[in-house]
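Engineer: This is the structure, below, for whatever I ask next.
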Amino acid sequence: MRTSYLLLFTLCLLLSEMASGGNFLTGLGHRSDHYNCVSSGGQCLYSACPIFTKIQGTCYGGKAKCCK
């Protein structure tokens with residue numbers, strides 16, 4: 001009996017997540033902006049980019065700059 005309640009609860013959670021835009025479900029498999037920056041040879045900085053580097057994007061959800 002507990003198993004059926006658990007399955008029903010899980011199904012309701014998934015359906016409510018899909019109805020609200022599916023941020024959790026669509027976010028699976030996406031790389032973070034920090035990962036993309038560092039893997040392309042950049043570094044994430046909250047301050048200005050060092051000399052001889054330029055801004056290539058953002059990190060931490062737009063709170064920092066990706067300098068390369």
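Note: Cβ is positioned from N, Cα and C throughout, glycine not excepted.
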Engineer: Of Cys49, Cys59, which cysteine does Swiss-Prot list as the disulfide partner of Cys44?
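Structural biologist: Record-based pairing for Cys44: Cys59.
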Engineer: Would you mind checking which of Cys12, Cys66 shares a disulfide with Cys37 in Swiss-Prot?
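Structural biologist: According to Swiss-Prot, the disulfide partner of Cys37 among Cys12, Cys66 is Cys66.
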Engineer: Out of Cys49, Cys59, which has the highest number of nearby Cβ atoms, where nearby means within 10 Å of its Cβ, if these are the disulfide-bonded residues?
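Structural biologist: In terms of Cβ crowding, the pick is Cys59.
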Engineer: Could you say whether, by DSSP, Cys66 (disulfide bond) belongs to a helix, a strand or a coil region?
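Structural biologist: For Cys66 (disulfide bond) - judged by DSSP and reduced to three states - the answer is strand.
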Engineer: What same-chain residues, at least 6 away in sequence, bring their CB to under 8 Å of the CB of Cys37 (disulfide bond)?
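Structural biologist: Sequence-distant Cβ neighbours: Gln43, Cys44, Gln56, Gly57, Cys59, Cys66, Lys68.
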